[in-house]
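Just below is one structure, and these are the notes that go with it.
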Amino acid sequence: MGEQTPEQSSNQVPRLVVTWLVVTVPLAYGLFQTIRSVIPLFAG
Amino acid sequence: MALSFLDREHTVAKPGYSRWLIPPAALAIHLCIGQAYATSVYKNALVAHFESSLTAIGVIFSIAIVMLGLSAAVMGTWVERAGPRAAMFTSACFWASGFLIGALGIATSQLWLVYLGYGFVGGIGLGIGYISPVSTLIKWFPDRPGLATGMAIMGFGGGALVASPLSRQLMAFYDSGYDPSDSTSVASGGAVTSLFVTLGIAYFLVMMLGVFTVRVPPPGWAPAGFDAAAVAAKPMVSAANVSAANAIRTPQFWFLWTVLFCNVTAGIGILEQAAPMIQDFFRDGGTSSVAPTTAAGFVAFLSLFNMAGRFVWSSTSDYIGRKPTYIMYLGVGMVLYVLLATVGHASTAIFVLVAAVILSFYGGGFATIPAYLRDLFGTFQVGAIHGRLLTAWSAAGIAGPLIINGFLDAQGTPGELVAADYRPALFTMVGVLALGFVANALVRPVAAQFHESPGRSDAFVEGKV
């Protein structure tokens with residue numbers, strides 16, 4: 001059994017985008033906040 | 001039945017289902033349960049609210065981690081049989097209930113309810129949630145198991161990165177007298193209660209994304225262009241399957257248990273002590289040249305490397321092999337610990353860099369172990385075997401702090417320690433890593449007597465046994 005056809009794949013693009021956004025947006029927020037708190041380590 | 005949509009047979013992917021939907025489903029679970037590493041954010045608030053000690057509040061986290069190991073070990077076989085959707089749903093129920101029971105405990109000033117809620121009930125959610133996507137990811141990504149499990153387990157590290165600032169902001173929202181930028185400011189018990197209720201509901205909803213997105217691949221599915229024979233031909237990769245019951249009878253399981261235990265123990269040695277450690281290393285005449293805000297930045301820097309190591313090193317293991325990857329974690333780790341002990345005090349840049357790489361190996365060790373188990377024991381019950389192996393994490397969670405705190409207590413009082421006082425503890429960690437290095441070197445392919453017959457493993461996966 002193969003992976004998927006290009007047609008089937010394109011049908012799932014919106015779902016892929018939404019699903020990945022739900023997990024990457026909070027992760028990006030956490031990364032941003034963490035990098036902000038790392039700055040004092042290199043500022044002094 | 002209303003909950004029949006959770007059954008394994010209802011989660012089999014239809015043809016064309018993208019396997020790239022599975023990593024975010026796994027991340028949705030791990031990002032939520034990774035909050036367990038952010039409990040220090042409201043620790044002082046709970047101490048003040050319950051008029052208790054740091055130790056008594058720290059017990060909440062300890063119960064949760066012990067329950068993580070125990071529930072992963074005990075429930076692993078059920079997770080394999082019931083499938084990832086049922087496991088993720090169960091995990092979400094336990095994890096969210098843990099927060100809500102904990103909130104009730106804070107609101108009514110009954111600490112035992114917080115132990116029961118967040119610690120015991122939430123801890124069960126942690127254990128089931130941690131292993132729930134592992135086996136499914138490995139089956140969807142037979143060509144890149146390290147990448148797949150690295151992504152999910154990176155989420156556990158990322159969960160703390162999200163929960164720490166979010167919790168501070170939420171507590172400030174619920175308590176106008178709390179200033180998150182002031183390290184001496186403490187939120188009210190009411191604010192922590194509201195935080196627990198908010199997190200419980202929010203985590204349940206995010207975890208439902210994982211529940212409704214996850215699918216198991218249909219029997220016989222393989223990604224386009226995947227050559228199972230080529231993978232099985234690699235050294236230390238088996239095409240055979242071993243049950244969880246048989247796995248714990250093999251020396252390989254206990255060698256890997258020792259490897260994980262040693263790697264985690266050594267990493268916790270630094271994680272546990274990170275903020276005071278950097279200040280002590282650069283203390284001269286009773287005053288440290290490292291300010292508390294800089295030390296806090298160092299802790300955040302380590303958490304970034306801990307998270308990145310999970311993804312980078314685990315993905316790298318797909319190319320260089322699992323055994324060489326652990327040779328690097330443990331062998332290079334030994335060298336780095338020696339460097340930290342001998343020249344770490346020479347400059348903050350050296351200290352920070354060496355500690356960051358050690359922490360990336362710590363995270364990498366967690367993320368690479370499921371793929372190592374797959375290589376040795378096959379995909380049959382890899383989630384259940386992983387669950388049993390996680391008892392090494394619980395044991396290391398006790399041993400690591402005991403070693404570092406035991407040595408430091410013998411050297412002097414906190415706030416007066418210097419770099420030299422850390423040397424006995426750091427050299428002990430070199431010994432711990434050496435033990436792990438030997439255990440990894442002893443890992444060989446599993447003997448054929450422990451292999452399952454192909455028919456039995458297929459029937460199990462299809463829920464017939």
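Glycine is no exception: its Cβ is also placed from the backbone N, Cα and C atoms.
All annotation found in TrEMBL is predicted automatically rather than curated by experts.
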Among ranges B:186-206, B:207-227, whichever one TrEMBL labels transmembrane segment: B:186-206
Average model confidence [pLDDT] within the domain 'Major facilitator superfamily (MFS) profile' (B:1-448): 92
Feature contact check the transmembrane segment (B:20-42) with the transmembrane segment (B:146-166), CB under 8 Å, 3 or more pairs: yes
Contact check, the transmembrane segment (B:291-313) vs the transmembrane segment (B:186-206), 3+ Cβ pairs under 8 Å, seq sep 6+: no
Long-range Cβ neighbours of the transmembrane segment (B:253-271) (under 8 Å; 6 or more residues past either end): 247, 277, 302, 306, 326, 329-330, 333, 337, 355, 358-359, 361-363, 365-366, 369, 372-373, 376-377, 385, 388-389, 391-393, 395-397, 399-401, 403-404, 425-426, 429, 432-433, 435-437, 439-440, 442-443
Leading contact stretch, B:86-106, B:112-134, B:325-343, B:385-404, B:424-443 vs the transmembrane segment (B:20-42) - CB distance under 8 Å: B:112-134
